[in-house]
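J.: Dumping what Swiss-Prot says about this protein:
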type	residues	note
MOTIF	100-104	motif 'WxxxF/Y motif 1'
MOTIF	128-132	motif 'WxxxF/Y motif 2'
REGION	176-195	region 'Disordered'
MOTIF	196-200	motif 'WxxxF/Y motif 3'
MOTIF	249-253	motif 'WxxxF/Y motif 4'
REPEAT	312-345	repeat 'TPR 2'
REPEAT	422-455	repeat 'TPR 5'
Amino acid sequence: MSLIGGGSDCAAGSNPLAQFTKHTQHDTSLQQSMRNGEFQQGNQRMMRNESTMSPMERQQMDQFMQQQNNPAFNFQPMQHELNVMQQNMNAPQQVANNSWNQEFRMKDPMVANAPSAQVQTPVQSTNWAQDFQQAGPEVQHHAQQHQHPILSVPGVRAGIYGGGRLMGGSMMNRAAQMQQQNPAQAQTSEQSQTQWEDQFKDIESMLNSKTQEPKTKQQEQNTFEQVWDDIQVSYADVELTNDQFQAQWEKDFAQYAEGRLNYGEYKYEEKNQFRNDPDAYEIGMRLMESGAKLSEAGLAFEAAVQQDPKHVDAWLKLGEVQTQNEKESDGIAALEKCLELDPTNLAALMTLAISYINDGYDNAAYATLERWIETKYPDIASRARSSNPDLDGGDRIEQNKRVTELFMKAAQLSPDVASMDADVQTGLGVLFYSMEEFDKTIDCFKAAIEVEPDKALNWNRLGAALANYNKPEEAVEAYSRALQLNPNFVRARYNLGVSFINMGRYKEAVEHLLTGISLHEVEGVDASEMSSNQGLQNNALVETLKRAFLGMNRRDLVDKVYPGMGLAQFRKMFDF
């Protein structure tokens, strides 16, 4: 009973144990809030149990409360001892923490300006809330910004993005040792540690210099050998003769020529009224001069090359006629045969390059245009080969740039219209056309027209450039001019028909396309008797005619369109 005490000694103001408990538990709101439910349940249980106390128990409790003379237990010595123990524990730890924190900031500049992360002891935490309120709004704002301290500790970021010094075990062990030292010993140890680290860095630097010295000599030797090898290669390139440059160019040209479709041998028409005529070539020339159908002139030239397979001019004219007659494959096969017999034929080279562009074989076209420059302007080509004998590894853009520069140099030789080379302007226009630089293409083709205004081919090329440049009205004018100069120019009619379709003028498109197909007919030969090769060559015209009928909503006429069809059925509806 004496251990419990009695009377007023149980009050908090006079009970030393109660005062000690208040002192060490200044702010326990966080812990209490976590146990709030349990605390309330305990009170409820106490209130329920109070009504069940027996009369005997109540009498004993009254007797206990009436004891006034029993001395209370003296807690003053215990409180004094506890205070001494607490001060002895906190003071060295705080000194050690402050000393290590200051030393660490001096060693690491990344945390030199960081806020101190001090350990809060029970004594410090007693007045923390009061100190925080007195610190002012700046400190409170700073604390609010660090609600997620793991993202704002400089040491953590350095470990992730920097050298990771806080991740090493030696630093942690050193901190543990300094907690056991007094401030003077910590300072002495720090000075010794700093001197030792400086000496270690000096030794390490000296060893690294010794290790890197052989590498430096080896690198100098390797660099010298590389420079010497480069000199030898450059000297070998300079020693190449013009014949060797020519051989290299021929090799590259063959490479690009092999990259396009192999058109094979020329396929002749089975029915040809000129086959046994000894003057087939002259007949073909007269037909072209008189404005006859290109198909008839083509048959005459076919007969000429069949009679004399080495007739270069006949192969050239056959190729030109077939390309103008919208028979690209036959035209390319004839032109390639012409160049096989005469590799320097300028007309064949230019026409073949344009045909390659039409069929999408750009690199083959560039190589052919370079051959054209090499033939007509050998000085320009020779200087270009000396600086770069390759055709630049098949890169389409670089190859176009290289050949364009050659043609630009050739154009600079005769800037005046009176002395201008129309073929140079045509070649430049083709190069720009392949890169879809249609504004430059138009300028080049217009320049060629200034030199040769009566050449239907120039007007047709200008029309194609204008159409691709989204100028259909001007394109129609150019195509119309080409047809005025050569009414049997099938390609110009085909292009004109396409332009009318794009403009929504379907009836006019149909009439020009039907005219083009009719120009493929040969007098005395039924369309159904034409060879399969002839029918395939009409395919572009036929398919475009179907599109025009669909635009007119004449599906009844679409089924009547096929290669070798009779054209009489359309003459009552269309003027051609």
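One-based numbering along the chain as shown.
Any Cβ shown, glycine's included, is placed from N, Cα and C.
Mind mapping these onto the model and telling me what they sit next to?
T.: Sorting each residue of the repeat 'TPR 2' (312-345) by its DSSP state yields 27 helix, 0 strand, 7 coil.
In the predicted model, residues of the repeat 'TPR 5' (422-455) average a pLDDT of 97.
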J.: Sort the residues of the repeat 'TPR 5' (422-455) into helix, strand and coil with DSSP and give the three counts.
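T.: Helix, strand and coil residues of the repeat 'TPR 5' (422-455) number 27 helix, 0 strand, 7 coil.
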